[in-house]
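Structure, as structure tokens:
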Amino acid sequence: MDIPPLAGKIAALSLSALPVSYALNHVSALSHPLGVALMSALILVLLFVAIYSLSHGEISYDPLYAVFAVFAFTSVVDLIISLQEDGYVVGFMEFYTKEGEPYLRTAHGVFICYWDGTVHYLLYLAMAGAICRRKRYRNLGLYWLGSFVMSILVFLPGNILGKYSSEIRPAFFLTIPYMLVPCWAGMRVFNQSQAPTCCTPHMVQEEQRKGLLQRPADLALVIYLALAGFFTLFRGLVVLDCPTDACFVYIYQYEPYLRDPVAYPKVQMLVYMFYVLPFYCLAAYALIFPGCSWLPDWALVFAGAVGQAQFSHMGASLHLRTPFTYRVPEDAWACFFVCNLLYALGPHLLAYRCLRRPAFFLRQPPPGPLAHHKKQH
């Protein structure tokens, strides 16, 4: 697949994060938290000015181009941080993880940096390439939106509530734009026109006549959503210190990471329970009753959200930065991996089903005057 010109321009610009981070790491003034915050803000401003001057036409066509370009740069920075914390590179971002955001050195911080530096980075290049070619990127944007918002919903409260709450530095307030941008970007992505479907009214009518038993794939998804919903509720009760024996056994023998005082796993399970669980219930309803046109879009959003969350949760549960007493015991690895991989895979299968055969979720057009006339006669 050929790389769109604009995606190549963003990739080249984002790779400038390598020499910039290396040079800043050797500036003695950055040994103070306030200096780190001010220098980081200055770099982002200069980066935005450079992007605006180089790609004014693309930004005029779609302002989200500037967002994707800046975030592609920060994605490379996050990848450097994760590789540095795992010992693969040295001498790049020590100043930032020490004086800027020390909670990025946790296992959860390392894995959200890995996700941002790989999955998000590729999404930014793909969406920027689509803008360059004046093509739609709605589906990619929805997946990115869910993933991005989920990382914020867990990481920011975890920083404030966990054991690193006393380590919050001025650089933490640079995350405020990260809280505002998804709101604006989400509205723009949702307002983009949907790709036309090849479903005729007759196809829609025939598909929506089928009962659930005549749609075995949908039946399997409904069963999955029910089981995943129970698992979500169960883990939510576990982190809320439910006194039942099942909860006690699970948190000590299967997922002791849920007890980690960094608070990220607890916040993650509560986000699952209060946001993902209601979606599973609504998605099951939409798979049973036709015409729920909202499901394909929101299935993509939650696929991105659960994918990011499970990657970070599973990785942090096994990472060496997690204290040994909170890591998954070796004799529970099989159960842990099966349950969590299935939990991550299900929303993606749901999104694939909605995009592959959307006829069941489309609203039937109202009968025209000609059809009404024929019905009368």
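Just so it is clear, glycine is given a Cβ too, placed from its N, Cα and C backbone atoms.
The transmembrane segment annotation in TrEMBL covers 33-52 (among others). Listed as Cβ neighbours of the transmembrane segment (33-52) (distance under 8 Å, sequence separation of 6 or more from its ends, same chain) are residues 13, 20, 24, 27, 59, 66, 69-70, 73, 95-96, 99-100, 169-171, 173-174.
Positions annotated as domain 'EXPERA' by TrEMBL: 61-186 (among others). The predicted model assigns the domain 'EXPERA' (61-186) a mean pLDDT of 90.
Same-chain residues lying 6 or more positions outside the transmembrane segment (64-83) and placing a CB less than 8 Å from one of its CB atoms are 6, 10-11, 13-18, 21, 44, 47-48, 51-52, 55, 58, 89, 92-93, 96-97, 104, 110-114, 116-118, 120-121, 124-125, 127-128, 131, 141, 181, 185, 188-189. Taken from TrEMBL, the feature transmembrane segment covers 64-83 (among others).
For 103-128 (among others), the entry in TrEMBL reads transmembrane segment.
Away from its own ends, the transmembrane segment (140-162) comes close to residues 64, 103, 108-109, 112, 115-116, 119-120, 123-124, 126-127, 130, 168, 172, 175, 178-179, 182, 185-186, 189-190, 192, 261-264, 267-268, 271, 275, 297, 300-309, 312, 351 of its chain (Cβ-Cβ under 8 Å, at least six residues beyond either end). TrEMBL lists 140-162 (among others) with the feature transmembrane segment.
What TrEMBL lists as transmembrane segment is 168-187 (among others).
Summarising the annotation, TrEMBL assigns domain 'EXPERA' to 217-351 (among others).
Feature annotation from TrEMBL assigns transmembrane segment to 219-240 (among others).
Look at TrEMBL and you will find 269-288 (among others) tagged as transmembrane segment.
The feature transmembrane segment is assigned by TrEMBL to 300-320 (among others).
TrEMBL lists 332-355 (among others) with the feature transmembrane segment.
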The domain 'EXPERA' (217-351): DSSP-derived helix, strand, coil residue counts:
110 helix, 0 strand, 25 coil
Could you count the residues of the domain 'EXPERA' (61-186) that DSSP puts in helix, in strand and in coil?
103 helix, 0 strand, 23 coil
Are there 3 or more C-beta pairs under 8 Å linking the transmembrane segment (168-187) with the transmembrane segment (300-320), counting only pairs at least 6 apart in sequence?
no
Distant-in-sequence neighbours of the transmembrane segment (219-240), which means Cβ under 8 A and at least six residues beyond its ends:
212-213, 246-247, 250-251, 255, 258, 265-266, 269-270, 272-274, 276-277, 280-281, 283-284, 287-288, 339, 342-343, 346, 349-350, 353
